[in-house]
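Worksheet: one structure, shown below.
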Amino acid sequence: MNYDVIVVGGGHAGIEASLAAAKMGAKTLLITILAEQIGAASCNPAIGGLAKGHLVKEIDALGGQMGLTTDACGIQFRLLNESKGPAVRGSRAQIDMDRYRVYMRNLLLNTPNLEVTQEIATEILTKDNNIIGVKTHLDNNYGTKKLIITTGTFLNGLIHVGFNKLEAGRVGELSSKSLSASLKSLNLEMGRLKTGTCPRVLAKSIDFSVLERQDGDQDPTPFSFRTKEFNKTQLPCYIAYTNEKTHEIIRSNFDRAPLFTGQIEGIGPRYCPSIEDKINRFGDRERHHLFIEPQTREATEYYINGFSTSLPYDAQVEMLRSVKGFQNAKIVRHGYAIEYDYVSPTELKHTLETKKINGLYLAGQINGTTGYEEAAAQGLMAGINAALNLKTREPLILRRDESYIGVLIDDLVTKGTKEPYRMFTSRAEYRLLLREDNANLRLSKYGYNVGLLPKEAFEEMLKLKSNLEKGMEILLTKDMSPNKENLEFLASIDEDIINEKVPLQKIAARKSFTIEKLRKLNEFFLNLDDKSLNQILTEAKYYHYIAQQQIEVEKMKGLLDIKIPKSLEFKSISGLSNEVVEKLNKFAPPTLAAASNISGITPVAIDILHIAIKYHCQKTK
C-alpha cells in the first residue's frame, strides 16, 4: 500500500497537512489513533485570539481550512483589542467543539485523494536517510516518500492528576511510545514539555446570575475571507474570580501538586500557567480572572478557562466550589497536566522537513509549539511543501516580513525552544505590515499558485487590491485647499477645518475620519464596499509608519538575497567566535538574513560572514 504523502495524527496540524497534500493532487493517507476524535479541541473551545487570529487569517489566505470551519461552528465572535491599533487586534471565536470535530472529520472523509485509517503508527521506515514508509500496530507497512508527523501531545504522553499518572495522549486515548522511540533512533534531538487543561463543569450546577456576562460583537465578522454567510446567533461567556479562600485551598495542596513535587519533568507554557503555578508565582494577587466558556451551542458544559490544574480531583472540587457562582459546581471532566516528547525544531529546515531524514516533516506540538492555530499553520506549510517537493517545485517559505507564519517557523528553526512556544504580535518586527485585515492581500497569491485557494477567492483579492491601490493613489496625489467649498464640506462632516493645502491622505489619516466620511471625500469611494474602504482608511492612517517599515524590509531583503554557500567552512573565518561558529554549524542558515535571526549571532558577526561569503564566491569562480 503506497501513498505520495502520509500524515500521522488527526489534530489541527494533521488536518491542514492532509487536506493541503490531497488538494494539491497527492495520494494521501491520514493515520490517526481514534477517527472519532479528528479535529478535537483538547483544551479550550475557542479559535483565534491575539496574534493567533492573525495565523488563522493567514491559513485562510493560503487556502487552509481552519477559518472556514470556525465560521461554520462558531457560537461567539469577538474582536480583541478593538480600541487599539489594527496591527494588534485579534479575532477570536468560541466554537461548538462537538460540531467542529464532526465537521472536520466529515470533510476529510469526503476529500478526493485522501484516505483515513484508524491505526497507531509505531515505526518510521527509512533507507539511506530517506523516508520509505511507516509501520502501524497492525503490522501494516505503508510506503511513502513524504511522511508528516503531527502527533500533538501523544508522543510518550503521560497524564498527571495529583499522584496519579496515566499513559495517554489525551484522556481516554492511548499514547504513542513506539513512535517516540522510532524518532529517537533517527538521532533527532528531543526533549520533554508539559501542558495542561481545565475542568469542565455541568452548566446547571453554575449560578450564572452572580457572574459577569461577556457577549460577543453585535455585528460579528467571520474568520474566513471566503465566508459569505454564517450563523450570527451567539452565546454569552461569563467571568468569575478566584478569591483568598480559593488561594488558601490551592496552597494547602501544594504538597500534592505534581508541578511542585518533582513528578512533572517537562517544562510548561510560560504564558498559560496552571492555577497552582499562578498562586505560587503571584502570591500578592487578591484574585485571578476565570473565563466561563460554553463548549457547545447546547451549553450543557462549560470550560473554566484560567483554571488549568493537575491537583487531585478532590482538591479541584474544593477549590472550584470556593469561587462565587460555583458553590454547587459538578465537574464533568477534571483538569490534568500532560507531559509529552517533542523534537527540537532546530532539526528542521524552513520547509519543516528534517535536516537528517529526507522526506520526514514535523508539524505542530511535536516542534515545541502550543496552540491550535500554531499547529494548523505548521501543518498547512508541511503539507504544501511535501506536495511541492513531489512535483519538484520550489518550496514555499514565507518571510518574516510577509506573514506571522513566517515569523513562527523562522523563530522555531533558527532559535529553537525549550518551552512551549506561542505566537504574540510582539514577535513580529513588521507587525504594521502583517495585520489581520490584509492577510489575503499578502498571501492569497501563494495559496492560488500552489492550487489551494479557489480562483474566485483569488480574483476577489485582486479586486480588493485594485481598489486599495486606486484609493491610495487618489489620497496621495489629490489635495484639498482651504477654499470656501472645502471648508463647508469639512464642517458638514464634523471635521476640523484646514489652513493650508494638504493631501487628502492627511485628512483621511485623522483619528475621527470614518469610512462614511471617506465615501464623501471623492466620487471613487462612493460605491466601494466596506471591506475596501476599511482597507484604504487603515493604509491612509498609518501610511508613514507603513512606509518606514517597508524601507526596513527592503534592507532585510538585501540580506535574504545573500545565500551562504554550503561549502563555506565557518571555522576557517577569522574573527568569528567559537560560539558563533558553533551556532552556524548547528543551524546551517541558508542566507545571511536567517543567520542574523539566530540568537547570539551579532551584527559584527554578520558583517564578517558577509565579507567571507564574497571572498569565498570569488575564490570558487
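One-based numbering along the chain as shown.
Every residue, even glycine, has its Cβ placed from backbone N, Cα and C.
The FAD binding site annotation in Swiss-Prot covers Gly9, Gly10, Gly11, His12, Ala13, Gly14 and is backed by sequence analysis. In this view, Ala13 (FAD binding site) is surrounded by 34 other Cβ atoms within 10 Å of its Cβ, with every protein chain counted.
Neighbour density for Lys278 (NAD(+) binding site): within 10 A of its CB lie 18 other CB atoms from the protein chains shown. The NAD(+) binding site feature in Swiss-Prot is assigned to 268-282; the stated evidence is sequence analysis.
Around Gly9 (FAD binding site), the same-chain residues at least 6 positions away in sequence with a Cβ under 8 Å from its Cβ are Ile31, Thr32, Ile149, Thr150, Thr151, Gly152, Phe154, Gly364. Under the DSSP three-state reduction, Gly268 (NAD(+) binding site) is assigned to coil, being neither helix nor strand. Shown are the binding-site residues Ser274, Asn280; the one with the most C-beta atoms within 10 angstroms of its own C-beta is Ser274. Each of the binding-site residues Gly10, Gly11, Gly14, Gly268 was scored by the other Cβ atoms within 10 Å of its Cβ; the lowest score goes to Gly268. Listed in chain order, the extra residues whose Cβ falls within 8 Å of the Cβ center of the FAD site residues Gly9, Gly10, Gly11, His12, Ala13, Gly14 are Val7, Ile15, Glu16, Ala17, Thr32, Ile38, Gly39, Thr150, Thr151, Gly152, Gly364, Ala375, Gly379. When the binding-site residues His12, Arg270 are compared by the number of other C-beta atoms lying within 10 angstroms of their own C-beta, Arg270 comes out lowest. Sequence-distant neighbours of Glu276 (NAD(+) binding site): residues of the same chain at least 6 apart with a C-beta under 8 Å from its C-beta are Ile250, Asn253, Phe254, Ala257, Leu259, Phe260, Thr309, Ser310, Leu311.
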